[in-house]
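J.: Structure provided below as structure tokens; questions to follow.
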Amino acid sequence: MVLSSVLGFPRIGVNREVKKAVEAYWGGKISADELTKVSAEVKKYNWTNVKAKGVDLVPSGEFSLYDHVLDHSASFNVIPKRYLGHGLSALDIYFAMGRGRQADGVDVPACEMKKWFDSNYHFVVPELSDETDFKLNFNKAVEEYNEAKALGIETRPVVLGPVSYLVLGKPAREAKPGFQPISLLPKLLPVYKQLLAELKAAGATSVQIDEPILVLDTAAYLEKQYATAYSELVPVAPKIVLTTYFGRLDSNLTFVAKLPVAGLHIDLDRAPAQLNATLAAVKPTSLVLSLGVVSGRNIWKTDFQAAIKLGQKAIDTLGSDRVIIATSSSLLHTPVTLSSENKLTAEQKDWFSFALEKASEVAVIASVLSGSQDAQVTALLEQNKKSIAARRAFETNSNDAVRKRVAAITPEMLNRKSPFAVRLEVQKKHLDLPKFPTTTIGSFPQTKEIRTTRAKLGKGEISQAEYDKFIEKEIETVVRFQEKVGLDLLVHGEPERNDMVQYFGEQLDGFVFTQNGWVQSYGSRYVRPPIIVSDVSRPFPMTVRWSSYAQSVTKKPMKGMLTGPVTILNWSFPRADVSREIQAKQLALALRDEVNDLEKAGISAIQVDEPAIREGLPLRRSDWDTYLTWAVDSFRLATAGVTDTLQTHSHFCYSDFGDIFPSIQRLDADVISIEASKSDMKLLQTFKEYGYSNEIGPGVYDIHSPRVPGEQEIKDRIAAMLEILPDHLLFINPDCGLKTRGWKETEASLANLVAAARWARQQFA
Ligand SMILES: CN1c2c(nc(N)[nH]c2=O)NC[C@@H]1CNc1ccc(C(=O)N[C@@H](CCC(=O)N[C@@H](CCC(=O)N[C@@H](CCC(=O)O)C(=O)O)C(=O)O)C(=O)O)cc1
Ligand SMILES: N[C@@H](CCS)C(=O)O
Ligand SMILES: [Zn+2]
């Protein structure tokens, strides 16, 4: 019999219950016990509903109050010393690591967050050194397994594997030079053995161990570590299904197929072509093969016929007892359920599947392949055929004007009129900014008042004119504040934006958006990715009104603010029938018109944010060049249509640039701002080594935490930066936008930033 499985379910609750409860706990409004009750309800909802859809292997242990990697760190006692000794409860230590803490005499910044592979989810990076004292503080996998069992639901626990856990970590501050986290594997394995043995004793018959780094080139060097780890774990553990996702195993398959585990999961959504090689490799073994045929990364309905074909191929080689039908990855990256959507048309709704619907899809596909197809399944198959055909028919509609414009893009359209050195001089005169200009990344606090006023507009409780007046008032407040605190290049604060991507999606043709399609981005912060369904174009200017208004109330230069084509694409659910390149270029043309309109409206600096450019990089190096060419070209297409006086900015948070520096240079933005406050100076050193030539603002403080950076702290950072970067190219700004911050800490932080910049002007005149 072919079993069905879901690799992980969204842990936010159908109505964002977890966000609300976690934030209420942080605000002192509910107790830890009440928070536990909310978590228990959400887990119960997930388990019972996934089970009710007919899924055989229901996941447990992947629920999280903040981040699943952080859960492992807390459980393994990977807790940096700075969080200990303050008398905090284990739960408060956990949250302090996730978001920092500045209260009651405790002042600790958060741990670093990084992007989870090529997704918009962020994990908290484990900090490791030879001093790390691994022990099992608690066994979350067992606790949740038992919790589900008590509800009468048998689950398959999910654990992040030891090799991936270590490779995703970084050397702690106290680590010796050259320390490599993977060297801790022998010390970590006893903890995994204990965890897995306890799971077996609790009655779990199988466990899903995630080793996503197996789809990266780096895993090729870890064959020995994988062999050691799994030969030690297998004898004590429930049956292990080694789980890979987001890409292809490629040559790593050779050693993975030899590991003594019971099963292997591969992602056939991202890498369908790996099926043949995997079948050949596992055929002579006794491995069960779990086929990720239902995408965990997009929201399109699965084509049952195509999935059944892949499944049948595997059955023909391995037999049905050795095949599992699964989601390609955890469903963490998809919204909870389509049934919460009341505004999508029936035609649109018929195109999509969210997490609960996907759970049903794996169950249906598995029952067809098992030969246990009843009348209900036959009807679902028929219905799916119709839905897929309807979507295909819709896809043939194209906007000819957009297609022709993309086809007519010329190389000249990608180039600014003069080289950077010329523009720099022209812009210095035109903008008249002081040395070490201070600026912010765009957003100012999105207060409860802003969000509720927007919600009132949505519900029709206030008119558009009332809402617009309110936004004008907010913009003016932000402008006056910036003038008062002494910032140089101002922003309008983005109060009109629900989100930097959703806002544009809602104004562009070719998108649809959801009411409740929330997806966790980090901690308690969620996003509602818009969905690209057809060719993209800009019916009207999108930001000109607000940027012009902001400029009209100040004499200081105002920076226009847009989200770049690659970031809009990456943080939306893209269409599956057209390449990402084409979608990025369509977006770029729409943004090019917006950039040109902003310049015409008298705006003299425009920031086009591309924080997702690194995240969109393919996981395999051999695929990089193709991506980087179209991604950088798209940014250039959006920004190059302006005169030399227009200062273009771009911004990148999570600046894990690795080897893509030449592409950052090729963007040819006049100024870039990058997240740098939590990385050491190695990042800036690399900019220097590559000879980065344009202006640059490395963030001087972390905005993800409510903690206020001291003036001296910022001065020290500026001084350190100036040891590496040329002083005439340096901007001073925070790491990222301030939308998640409160006004109190924003005022204090920016006052310190401006004071530190003024000091630098005297010190480094
Ligand atoms: C820069 N980042 C972003 C990423 N991805 C994006 N798509 N956008 C980003 O900005 N990826 C990398 C980083 C991740 N960082 C963040 C930072 C902040 C958030 C965030 O604040 N999310 C908000 C939701 C934002 C939003 O869409 N707001 C809407 C609706 C708000 C709402 O809940 N309204 C209530 C009613 C009002 C009330 O009572 O408060 C409701 O509908 O019930 C809006 O402003 O209109 C969050 O709340 O998590 C995300 C990623
Ligand atoms: N302009 C955006 C960029 C975030 S990455 C902001 O300030 O929120
Ligand atoms: Zn940012």
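Glycine too: its Cβ is placed from the backbone N, Cα and C atoms.
The shown structure was predicted, so the numbers you read here are calculated from the model rather than taken from an experiment.
Take a look at what TrEMBL says about it:
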type     : residues                               : note
ACT_SITE : HIS704                                 : active site, proton donor
BINDING  : LYS19, ASN120, TRP571                  : 5-methyltetrahydropteroyltri-L-glutamate binding site
BINDING  : ILE441, GLY442, SER443, GLU494, ASP609 : L-methionine binding site
BINDING  : ILE441, GLY442, SER443, ASP609         : L-homocysteine binding site
BINDING  : HIS651, CYS653, GLU675, CYS736         : Zn(2+) binding site
DOMAIN   : 4-311                                  : domain 'Cobalamin-independent methionine synthase MetE N-terminal'
DOMAIN   : 436-758                                : domain 'Cobalamin-independent methionine synthase MetE C-terminal/archaeal'
J.: Tell me, by DSSP, whether HIS651 (Zn(2+) binding site) is helix, strand or coil?
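T.: Where HIS651 (Zn(2+) binding site) sits, the three-state DSSP reduction gives strand.
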J.: Do you know offhand how many angstrom separate GLU675 (Zn(2+) binding site) and ILE441 (L-methionine binding site) by C-alpha?
T.: 10
J.: Where ligand 1 binds, which of the recorded positions GLY442, HIS651, GLU675, HIS704 are close by, with Cβ under 6 Å?
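T.: Cβ under 6 Å from ligand 1: none.
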J.: Which recorded positions among SER443, GLU494, CYS653, HIS704, CYS736 have CB under 6 Å of ligand 3?
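T.: Among the recorded positions listed, those whose Cβ sits under 6 Å from ligand 3 are CYS653, CYS736.
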J.: Near ligand 2, which of the recorded positions LYS19, ASN120, GLU675, HIS704 have CB less than 6 Å from any of its atoms?
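T.: Listed by sequence, the hits amount to none.
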J.: I need the CA-to-CA distance for CYS653 (Zn(2+) binding site) versus TRP571 (5-methyltetrahydropteroyltri-L-glutamate binding site), whole Å please.
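T.: Cα-Cα, rounded: 14 Å.
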J.: Quick one: pull the CA-CA distance for LYS19 (5-methyltetrahydropteroyltri-L-glutamate binding site) versus ASP609 (L-methionine binding site), whole Å only.
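T.: Computed Cα spacing between LYS19 (5-methyltetrahydropteroyltri-L-glutamate binding site) and ASP609 (L-methionine binding site) is 26 Å.
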J.: Out of ASN120, ILE441, GLY442, SER443, HIS704, the recorded positions in the record, which is closest to CYS736 (Zn(2+) binding site) when you go by Cα distance?
T.: ILE441
J.: Quick check: of the binding-site residues listed here (GLY442, GLU494, ASP609), which one has the Cα closest to that of ASN120 (5-methyltetrahydropteroyltri-L-glutamate binding site)?
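T.: Smallest Cα separation from ASN120 (5-methyltetrahydropteroyltri-L-glutamate binding site) among GLY442, GLU494, ASP609: ASP609.
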J.: Which of HIS651, HIS704 has the fewest nearby Cβ atoms, counting only those within 10 Å, among these recorded positions?
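T.: The recorded positions HIS651, HIS704 were compared, and HIS704 has the fewest Cβ atoms within 10 Å.
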J.: Please report the Cα separation of SER443 (L-methionine binding site) and HIS651 (Zn(2+) binding site) in Å, rounded to an integer.
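T.: Cα to Cα, SER443 (L-methionine binding site) and HIS651 (Zn(2+) binding site) are separated by 12 Å.
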J.: I need the nearest neighbour of GLU494 (L-methionine binding site) among the recorded positions TRP571, HIS651, HIS704, using C-alpha distances.
T.: HIS651
J.: Name them in sequence order: residues not among ILE441, GLY442, SER443, ASP609 whose Cβ is within 8 Å of the mean position of the Cβ atoms defining the L-homocysteine site.
T.: THR440, VAL491, GLU494, MET500, MET561, GLN607, HIS651, CYS736, GLY737, LYS739
J.: Using only C-alpha positions, which one of TRP571, HIS651, HIS704 is spatially nearest ILE441 (L-methionine binding site)? These are the recorded positions in the record.
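T.: Result: the closest of the recorded positions to ILE441 (L-methionine binding site) is HIS651.
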J.: List, in sequence order, those recorded positions among TRP571, ASP609, HIS704 whose Cα sits within 10 Å of the Cα of HIS651 (Zn(2+) binding site).
T.: ASP609
